[in-house]
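A short worksheet on the structure shown next.
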Amino acid sequence: MAMAQLPQDLIEEILSWLPVKSLMRFRCVSRTWNSLIFQAHFVKLNLQRSSRNTHVLLRCQINTVFEDMRDLPGIAPCSICSLLENPSSTVDNGCHQLDNRYLFIGSCNGLVCLINLVARGEFSEYRVWFCNLATRIMSEDSPHLCLRSCNYKLWWYQVKCGFAYDDRSDTYKVVLVLSNIKSQNWEVRVHRLGDTHWRKVLTCPAFPILGEKCGQPVSGTVNWFAIRKLGFDYEWETVTVDQLVIFSYDLNKETFKYLLMPNGLSQVPCGPELGVLKGCLCLSHVHRRTHFVVWLMREFGVENSWTQLLNVTLELLQAPLPCVILKPLCISEKGDVLLLANYISLKFILYNKKDNRIVYTQDFNNQVPMSSHDYIQSLVLPYGN
């Protein structure tokens, strides 16, 4: 009776501050609440008021115990606090196994994007799905992108993809960067969540795009590590530091530009990787075969805002040469503690910047974290309004 006397706008104000898990339970309270919780204005309000940088989504490789089975893909939404306390158990308990036909593209505002490639004779089809892990709602099959196989390099290692939110048009977009064999150009194809088609939005001269096939989403752009030279082919030994750039595709303007490396990068880094930490573009690499370095672009697109977050010896990280594969997975709220992954020793490393010490190392279990992505629980629906 007391709730019935509260004004509707006050009820909406109170509910908008609650976590998604609670809101999903409260749908059962009444038809009015059930209808309200998925209305577009309420979804945006709840997203705006949700805590940022408290969770990450780890793309995992699930190691099987059977010799005749391949390792399986998985994703694990994790609390950063839990990861810093006990990473192995947190990843194991939160991991969702994926069908191995699907490739995880990325996560944005609680939505997860998956894609798979289906060969049909002389044609190949890309199919995209969207899902919300918090609400357990998945989209229906989206429109296919059908391409003649002989015209493009379509194997997964030859294709670059990304998923991000365009805040200026309030839309979620999937990006495919395809190499056209005949024209020797990159073609950018875009699918907008809720549309019934794909669009070819950009063609540009070929240049090598390196590293992870999935681009990093930051501030309405998708970003890949690249070399500023013509052609698809290159020899890493001949690349100079001045040729290293970040290929940044703008979702709203449908244009691209090159972002420069940090000023402090004096030579070609070893094993450079792009990522996102606390909403900022992140570059990690080995420097002079002695140190592991992490940079953050504090203000996206402003090249002078590159800040060195970490510079620690490989000896301290217990990562001796010649093989070093390290990645940052998450960072504490104060920015003084980082969780790293060592893919040679198969261990988590918790590093305290303030004290310059290793807090602990912990073995990976069956779920190996391959990459880390910003994540937030939301009510965003995995289909167009």
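Glycine residues also receive a Cβ, built from the backbone N, Cα and C atoms like all the rest.
Whatever TrEMBL says is automated annotation, not expert-curated.
Computed from a predicted structure; not experimentally measured.
According to TrEMBL, the protein carries these features:
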type	residues	note
DOMAIN	1-45	domain 'F-box'
DSSP-assigned states of the domain 'F-box' (1-45) in counts, ordered helix, strand, coil: 31 helix, 0 strand, 14 coil
Averaged pLDDT score, the domain 'F-box' (1-45): 88
